[in-house]
Amino acid sequence: MVGGCSSLSYSSSSTFIATTTLSSSLKLNPQSFIFHLNLRKRPPLRCLSSLTMESPKPILDFEKFDDGFVQKLVYDALVWSSLHGLVVGDKTHQRSGTVPGVGMMHAPIALLPTPFPESYWNQACEVAPIFNELVDRISLDGKFIQDSLSRTRKADVFTSRLLEIHSKMLESNKREEIRLGLHRSDYMLDEETKSLLQIEMNTISCSFPGFGRLVTELHQSLLRSHGDHLGLDSKRVPRNGSTSQFADAMAKAWLEYNNPRAVVMVVVQPDERNMYDQHWLSSVLREKHNIVTIRKSLAEVETEGRVHEDGTLTVGGQAVSVVYYRSGYTPRDYPSESEWNARLLIEQSSAVKCPSIAYHLAGTKKIQQELAKPGVLERFMDNKDDIAKLRKCFAGLWSLDDPEIIKKAIEKPELFVMKPQREGGGNNIYGDDVRENLLRLQREGEEENAAYILMQRIFPKVSNVFLLRDGVYHKDQAISELGVYGAYLRNKERVIINEHSGYLMRTKVSSSDEGGVAAGYAVLDSIYLN
């Protein structure tokens, strides 16, 4: 989640994908989380039994396009991006993250949409409201959150500080009557099992709801202009309402708070090159809903903020109705006690938090791993069909206190990803580094184990793509990750919004393990349904 949950966390190497004779390789069964030999002899795993699972089919023969035509596409894409605000701050310009309009450049993008089977797309959209409801129910179970993360807090200082705030809220019996969640659930299509598998559920600072819509509209525009030559139909790129739906959810939360003079506060990093994605939401709030937004860092909140006796949060003298975090998800956002004081201050107020500390913790890696255990989903959900839909999308997830799993991961590290309790690109551990870190933890003792989980490594299909960065295109083999946004708003027992809210496609070269867009690993993309 650099700049907000934006890490493309699970990757493939094209050499692995090309290998088709690994019949005796160690494979992972995401349904039962048990190792099997000769998995290729087993029937394909299915996320929904009614779906006919198929791999994305190539939609273009890239070899037939000459450089002149591709350069025309590139030129049109760059012009469109500049005219429509699909831009980021140029990291070579000192003030590009602090002064709007200074040092802008186009966002990294895929030149054309990536093929994606319509059945998987429908499935990802269908489960989004179920995941929204699950997060809300987890947030109400303080004991589950504290117990699940009890060992993690001893090994991870950042998680420990978040849990301290959560504990204080539990001790004060403070209840969040108005609860707003703007989430994103990330998936990859596993080529081996022909399954849609969830990578993670992001509950804080989910980035690119502004750019997700824009890159979709860019691709639709290019296909309307060049679709005949490309052999593509712009109508096969699904509409993306991420910007308006997130803004609408914040506006309805603002209305529920019922203070027409209050503002929405966006909590930001002091130097934010991705500010324009954030400004799109503020623009919709202002122009469509007549709601004022302010932007403050956590340090500024600590200096200017105050919680009044009635619970009202004021910052710089302005009452705040909704707090929308686009920072606060990484230890780097808390360089001093001032930032932690600000986080606690916000939590103690009556403002609607997006997310609350409980929602934030519900999206941690360890909670995700706990939910994969047999019987845990049933603690929060009654509908058996909904439980089945969620569970069948889970990849293999394990804690590091299972000696058999540790042994398997040391023997076959290429089949695992080692994940710390961190959000953002560049944190996960792959390949031989998995083995080395597991051996290190064995030497140093078990206490540090709780800072990590192990996850099945997902191997998606490799496609040929044009990647556009710094005004230059490159043709490469790449893999993609689909993130489906979800909006959830509740006031006491009344559910006001529970819906999927657009999507974010990210694509990166298949030879790279990490893939955060803001971290420089991946590009923004959209999908072409086939």
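Using the three backbone atoms N, Cα and C, a Cβ is placed for every residue, glycine included.
Remember, it's a predicted structure, so these values are computed and weren't measured experimentally.
Database features (Swiss-Prot):
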type	residues	note
TRANSIT	1-52	transit peptide
BINDING	R184, 204-207, 272-274, Q278, 326-329, R506, 517-518	substrate binding site
BINDING	E200, N202, E423	Mg(2+) binding site
BINDING	E200, K365, 419-428, Y430, 455-458, E481, K508, E514	ATP binding site
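Distribution of Swiss-Prot features across the structure.
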| residue | record | contacts (Cβ under 8 Å, 6+ apart) |
| --- | --- | --- |
| Q278 | substrate binding site | G210, V266, V268, E272, R295, R326 |
| S327 | substrate binding site | S205, V267, V268, Q269, E272, S297, L298, D333 |
| P420 | ATP binding site | D156, K365, N427, N428, I429, A451, Y452 |
Out of R184, R273, Y430, R457, K508, which of these binding-site residues is nearest N202 (Mg(2+) binding site) by C-alpha distance?
R184
Nearest recorded site to S207 (substrate binding site) by CA-CA distance, among binding-site residues E200, Y430, K508:
E200
Between Y329 (substrate binding site) and E200 (Mg(2+) binding site), how far is it from one CA atom to the other, in Å?
15
Is it possible to get the count of other C-beta atoms within 10 angstroms of the C-beta of Y430 (ATP binding site)?
19
Entry from the binding-site residues list R184, R457 having the most other CB atoms no farther than 10 A:
R184
Restricting to the binding-site residues E200, Y430, R457, K508, which ones have a CA within 10 Å of the CA of R184 (substrate binding site)?
E200
Euclidean distance between Cα atoms of R273 (substrate binding site) and R457 (ATP binding site), Å:
31
Among the binding-site residues R273, K508, whose Cβ has the fewest other Cβ atoms within 10 Å?
R273
Say you check the Cα of R273 (substrate binding site) against those of the binding-site residues E200, Y430, K508; which is nearest?
K508
For the binding-site residues listed here (N202, S205, S207), tell me which residue's CB has the most neighbouring CB atoms inside 10 Å.
S205
